[in-house]
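Per Swiss-Prot, active site is recorded for 68. Residues or ranges marked as Zn(2+) binding site in Swiss-Prot (evidence: sequence analysis): 67, 71. Positions annotated as domain 'SprT-like' by Swiss-Prot: 7-146.
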């Protein structure tokens, strides 16, 4: 599915589920890594993670579009468009937009660092580096040792 097909799909979803026209752009952004899509407040455009389509198909993209269109229409109407707002929760439930999408990578796949406590030998994996002088084992309070890095 290219950007043109994505645009027409979004316009049809907007009419079908929201009864309003989508008048801005929707496109794939390959730089999105940990999110399925995002609504940009300043330009009113919607960006979609192409990995979601590649891994999970059109159904996943439709769900992401519905979610982002909830942000879009509520923001343009001047209502609460954030996840915590009552208006957002009720609109997303009404149109069947899920709150989250399926992650493209698991935490284990994204982890770059592996640590082990020298006392109880509990292992910890982390995406970001940990300051070993400040951090201790959450289980026994022992000293952590870096085992391996992926970066």
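Cβ atoms are placed via backbone N, Cα and C, with glycine included.
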Measure from the Cβ of residue 68 (active site) and count the other Cβ atoms within 10 Å, all protein chains considered.
24
Segment confidence, the domain 'SprT-like' (7-146), expressed as mean pLDDT
95
What kind of secondary structure is the residue listed as 'active site' part of, going by DSSP in three states?
helix
DSSP residue counts for the domain 'SprT-like' (7-146), split into helix, strand and coil:
53 helix, 23 strand, 64 coil
What are the sequence-distant neighbours of residue 67 (Zn(2+) binding site), meaning same chain, six or more residues apart, C-beta distance under 8 angstroms?
36, 37, 92, 97, 98, 99, 101
Write out the long-range same-chain contacts of residue 71 (Zn(2+) binding site), meaning residues 6 or more apart in sequence whose Cβ is under 8 Å from its Cβ.
39, 81, 88
